[in-house]
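S.K.: I have a structure here, written as structure tokens, and I will follow up with some questions on it.
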Amino acid sequence: MAPHVLVVPFPGQGHMNPMVQFAKRLASKGVATTLVTTRFIQRTADVDAHPAMVEAISDGHDEGGFASAAGVAEYLEKQAAAASASLASLVEARASSADAFTCVVYDSYEDWVLPVARRMGLPAVPFSTQSCAVSAVYYHFSQGRLAVPPGAAADGSDGGAGAAALSEAFLGLPEMERSELPSFVFDHGPYPTIAMQAIKQFAHAGKDDWVLFNSFEELETEVLAGLTKYLKARAIGPCVPLPTAGRTAGANGRITYGANLVKPEDACTKWLDTKPDRSVAYVSFGSLASLGNAQKEELARGLLAAGKPFLWVVRASDEHQVPRYLLAEATATGAAMVVPWCPQLDVLAHPAVGCFVTHCGWNSTLEALSFGVPMVAMALWTDQPTNARNVELAWGAGVRARRDAGAGVFLRGEVERCVRAVMDGGEAASAARKAAGEWRDRARAAVAPGGSSDRNLDEFVQFVRAGATEK
């Protein structure tokens with residue numbers, strides 16, 4: 001039987017992007033690959049995974065998608081039930097045909113996929129859309145090998161909030177303060193269901209079980225070495241469209257993953273064309289984070305004080321919080337631009353961009369490294385504090401902003417300090433720019449033919465082919 005891999009991402013932009021790119025690369029290796037999306041996304045968005053194929057299943061919200069759910073918990077519960085049945089039907093419909101599925105690769109947050117695959121007799125391989133470091137923290141925490149230090153005491157002292165304690169001498173993780181750990185290990189926040197999924201996503205995996213990571217060996221060498229003691233962990237990233245990965249621009253000339261759930265603005269790249277090289281601060285906090293009025297004002301004042309042109313992405317749902325009265329002059333004179341969305345890969349690839357003010361979601365972090373853009377890391381929650389720590393301390397590709405403990409926000413002076421640190425041309429800026437450029441070269445080498453991630457993908461292809469032969 002010929003191998004045929006079914007790729008099942010979580011139906012959100014940040015989770016789909018790397019798995020669409022993975023599906024493309026796997027298919028380019030000569031393995032039949034089908035990417036699964038939802039019926040709502042298939043109808044409302046242009047998903048191009050060529051040379052992989054695309055099939056749609058039900059997530060229980062066929063008419064309105066995630067936005068039609070009463071909340072996150074309701075969506076996930078209904079999705080698990082509907083998608084389990086729909087995915088099983090898709091697999092069963094092909095079971096006796098020449099293009100039957102022989103393996104499933106699924107987003108590690110989609111824990112409902114594993115029992116479906118097992119019931120169908122298919123090997124199931126989790127794909128982590130987060131860093132190896134964050135995944136390792138979740139995994140070791142779930143296994144009782146990592147102890148989280150306590151938070152601040154009631155009297156205001158640190159309450160012993162020192163480094164996270166590892167019960168074994170070498171797990172590949174550096175010592176981290178409580179504030180540098182993924183927040184879900186000590187605070188489930190407003191999404192307890194997602195927090196538990198994060199912590200338990202690899203709990204079932206054993207030493208011989210494949211786990212694929214959207215990272216590359218050179219970036220997270222020690223962490224990967226630690227993970228391979230417990231899992232068959234392989235880095236196959238960065239799953240970012242890059243020239244060395246066979247990337248070709250779309251019909252509109254853009255660098256694209258192939259799945260845009262939000263229509264980007266065109267005007268921002270034309271605005272960037274008018275700016276000198278490395279002169280613009282690009283500011284974006286992803287598709288989920290909501291900064292609030294106070295943080296938006298501090299951010300605006302800090303960016304203005306830094307004196308650099310800036311391109312700021314603010315979701316349409318949060319646009320009413322933008323302090324327009326502060327930005328009126330800057331936007332009128334072309335010193336600033338505020339847009340609801342933009343083609344981020346094109347922006348990061350643009351020579352005018354000198355730094356990326358980012359929440360340090362893993363996709364954004366990996367994209368900045370892949371395009372050699374220094375970062376100002378303003379982590380908010382979940383995996384972001386760990387990524388921000390590594391941007392500054394492990395990779396030297398930017399600086400971390402420190403949140404004011406009393407105000408609970410990043411103050412304007414801290415924003416100004418960080419932007420100037422990576423853009424003013426001093427020693428720190430030169431070092432960050434040099435490191436970012438070196439990581440860009442390593443990232444592209446990793447996915448180029450014969451690179452570390454390319455070799456790991458070839459190893460996975462061999463596993464898939466061997467499994468199909470046995471059927």
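Each Cβ is built from the backbone N, Cα and C atoms, and glycine gets one as well.
Reproduced below are the annotations present in Swiss-Prot:
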- His15: active site, proton acceptor (ACT_SITE)
- Asp107: active site, charge relay (ACT_SITE)
- His15: anthocyanidin binding site (BINDING)
- Thr129, Gln344, His359, Trp362, Asn363, Ser364, Glu367, Asp383, Gln384: UDP-alpha-D-glucose binding site (BINDING)
S.K.: Tell me the Cα distance separating the residue listed as 'active site, proton acceptor' from Thr129 (UDP-alpha-D-glucose binding site), rounded to the nearest angstrom.
M.R.: 6
S.K.: Between the Cα atoms of His15 (active site, proton acceptor) and Glu367 (UDP-alpha-D-glucose binding site), find the distance and write it as a whole number of Å.
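M.R.: Here the two Cα atoms are 14 Å apart.
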S.K.: Give the maximum pairwise CA distance in Å, whole number, for the residues Thr129, Gln344, His359, Trp362, Asn363, Ser364, Glu367, Asp383, Gln384 listed as binding UDP-alpha-D-glucose.
M.R.: 20
S.K.: Let me make sure I understand the structure: which of the recorded positions listed (Asp107, Glu367) has the fewest other Cβ atoms within 10 A of its Cβ?
M.R.: Asp107
S.K.: Within a 10 Å radius around the Cβ, which one of these binding-site residues has the most neighbouring Cβ atoms: Thr129, Asn363, Gln384?
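M.R.: Comparing the binding-site residues Thr129, Asn363, Gln384, the most crowded Cβ belongs to Thr129.
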S.K.: 10 Å Cβ neighbour count around the residue listed as 'active site, proton acceptor'?
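M.R.: Taking all protein chains shown, the residue listed as 'active site, proton acceptor' has 19 Cβ neighbours within 10 Å.
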S.K.: Roughly how many angstrom lie between the C-alpha atoms of Asn363 (UDP-alpha-D-glucose binding site) and Asp107 (active site, charge relay)?
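M.R.: Per the Cα atoms, Asn363 (UDP-alpha-D-glucose binding site) and Asp107 (active site, charge relay) stand 14 Å apart.
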S.K.: Can you give me the same-chain residues 6 or more apart in sequence from His359 (UDP-alpha-D-glucose binding site) with a CB-CB distance under 8 Å?
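M.R.: Correct list: Ser284, Phe285, Gly286, Ala289, Met378, Ala379, Leu380, Gln384.
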S.K.: Return only the integer: C-alpha distance in Å from Glu367 (UDP-alpha-D-glucose binding site) to the residue listed as 'active site, charge relay'.
M.R.: 19
S.K.: Does DSSP give Glu367 (UDP-alpha-D-glucose binding site) helix, strand or coil?
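M.R.: SS state of Glu367 (UDP-alpha-D-glucose binding site) = helix.
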